[in-house]
Amino acid sequence: MTDDAGLREACGIFGCVAVGNWPTELDVAHTICMGLVGLQHRGQESAGIVTSAGMSLFNIKKGMGLVGSIFQDDDLAKLQGNLGIGHTRYSTIGCSEMINIQPFVVETLHGLIAVAHNGELVNAKHLKDKLLRHGVGLSTGTDSELITQLLTHMPDCGEPYGANWIARIKKAMQQTLLSYALLMMHGDKMYAVRDPFGNRPLCIGKIVNSSENTSDEEEIIGWIASSESCAFSGIGAKYYREVLPGEIVELSREGIKSHCIIPRPEAKLPALCIFEYVYFSRSDSILEGQLVYQVRKRCGRQLAKEAPADVDLISTVPESATPAALEYARELGIPYGEVLCKNRYVGRTFIQPSIRLRKLGVAKKFGLLAENFHDKRIVLIDDSIVRGNTMKPIVQLLKNGGAKEVHIRVASPPIRYPCFMGINIPTKEELIANLFPLEELASHLGADSLQYLSIEGLVKATQEGIKNTRMKGEEKDKVEKNEIGHCVACLTGEYPVKLDW
């Protein structure tokens with residue numbers, strides 16, 4: 001993000017099940033590891049992988065840091081199995097410590113289960129009190145452990161024919177409506193689950209045999225579930241479909257099976273976080289049947305209609321706002337050019353050895369392409385502004401570099417409210433949109449003007465390309481029509497359900 005400690009996604013989840021005879025020749029551990037690398041943008045504090053041969057024994061590896069630094073070849077060799085799930089994390093609830101690293105593994109009456117969770121439960125306090133009153137001990141500070149413990153409870157109907165994980169998952173979902181995308185592993189099966197509002201993304205892909213095949217039919221050798229489809233290309237997988245809001249999908253060596261869809265209360269609309277399109281998801285991911293890149297382009301086009309500018313050059317803060325900036329420039333017929341060169345090797349925890357170097361601030365993250373904008377009026381497009389503590393020095397950097405005017409255009413509306421559903425947004429008092437009236441904000445940032453995309457414009461750009469049919473084959477009959485809706489709570493303060501904090 002362009003703001004230090006600004007918006008952060010909670011985490012990413014990824015799972016794989018080999019198809020056909022076991023033991024499989026598919027390298028499940030490496031597949032999950034590479035899938036997590038593809039989701040690294042969703043969480044960079046810690047990661048974990050749990051695999052199984054399809055029996056009671058689980059192989060587990062967890063660590064702090066980036067995926068590539070945690071899992072070496074020797075580690076992956078010890079994680080061999082026929083199915084497994086993985087998780088890469090930012091902390092929202094629970095400290096950034098080893099004890100909180102997912103997937104969580106717990107023992108139940110029917111053996112071990114492993115659970116990976118993306119999201120944040122809006123009624124975590126109520127659930128925690130309920131579990132503690134029932135004598136359930138909790139070892140971490142995460143709400144993800146709460147949902148893991150909910151899954152261990154036997155359903156009201158009992159289990160006369162053995163473990164009934166579908167009934168357990170349904171019962172857990174009925175006790176907490178959002179926010180979660182889950183991967184759960186038990187025995188020889190994996191379950192992919194989204195909350196009834198679909199607040200966090202989750203999709204399914206297939207791995208096909210890459211050897212030459214003369215027949216027209218693809219030979220599927222594995223099924224995968226992932227927070228985003230962008231993780232598929234790195235492992236040679238193909239996008240199949242998304243998991244629908246409220247859906248429970250079973251993945252096994254036999255294939256995939258949709259068990260049921262838990263309805264939303266009071267016929268409410270789905271509520272996928274709209275910032276998945278604005279910033280969190282990678283631009284090459286597919287959400288709701290459309291490419292994220294195309295949505296960002298439409299945001300730029302809509303921004304040009306709502307907030308045009310008479311300038312010489314359009315540019316961007318690298319790099320999630322680039323599609324919007326390109327389309328903004330095309331719509332207005334103004335040249336696009338780069339003005340900032342990003343240093344990709346400076347992280348949030350960069351050690352500053354002196355006060356002088358700390359004062360350099362943005363200069364350590366961006367280099368200037370001064371010849372591109374010297375003595376020109378420029379528009380700088382950004383995807384969002386959170387605290388504003390990076391935009392202000394960027395504007396000053398550009399003006400010091402010779403820009404005649406710097407105008408800011410933001411391809412999303414002002415963020416005014418915190419999120420309680422898996423996104424780390426600063427408190428309401430820290431958000432810059434609440435600190436200054438819009439007409440004063442440009443002056444505070446040192447810019448010549450500043451305008452945001454409207455909420456209506458963002459919703460229009462997002463929903464324009466959504467396709468109605470998102471299920472395939474025989475599964476199509478399960479859904480007559482997909483209603484369209486998105487969570488814009490951080491923009492309006494209107495949350496999908498009542499918060500219980």
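Just so you know, glycine gets a Cβ as well, placed from its N, Cα and C.
For Cys11 (active site, nucleophile), the same-chain residues lying six or more positions away in sequence with a CB closer than 8 A to its CB are Arg42, Gly43, His87, Thr88, Arg89, Tyr90, Gln102, His117, Asn118, Ser227, Gly422. Feature annotation from TrEMBL assigns active site, nucleophile to Cys11.
Among the features that TrEMBL reports, domain 'Glutamine amidotransferase type-2' is placed at 11-254.
The feature [4Fe-4S] cluster binding site is assigned by TrEMBL to Cys273, Cys419, Cys487, Cys490.
Other Cβ atoms within 10 Å of the Cβ of Ser320 (Mg(2+) binding site), summed over all protein chains shown, number 23. Sequence annotations record features per position, and here TrEMBL assigns Mg(2+) binding site to Ser320, Asp382, Asp383.
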I want the residues beyond Cys273, Cys419, Cys487, Cys490 whose C-beta is within 8 angstroms of the mean position of the [4Fe-4S] cluster site's C-beta atoms, in chain order.
Asn199, Ile274, Phe275, Met421, Ile423, Ile425, Val488, Ala489
What is the interatomic distance between the Cα atoms of Asp382 (Mg(2+) binding site) and Cys419 ([4Fe-4S] cluster binding site), given in whole Å?
20
Take the C-alpha atoms of Asp383 (Mg(2+) binding site) and Cys273 ([4Fe-4S] cluster binding site) and report the distance between them in angstrom, rounded.
15
What's the CA to CA span in angstrom from Cys419 ([4Fe-4S] cluster binding site) over to Ser320 (Mg(2+) binding site)?
21
Compare the Cα of Ser320 (Mg(2+) binding site) against each of the binding-site residues Cys273, Cys487, Cys490 and report the nearest.
Cys273
Using other CB atoms within 10 angstroms as the count, which residue among the binding-site residues Cys419, Cys487, Cys490 scores least?
Cys419
Looking only at the domain 'Glutamine amidotransferase type-2' (11-254), what is the mean pLDDT?
90
With every protein chain in view, how many other Cβ atoms are within 10 Å of the Cβ of Asp382 (Mg(2+) binding site)?
25
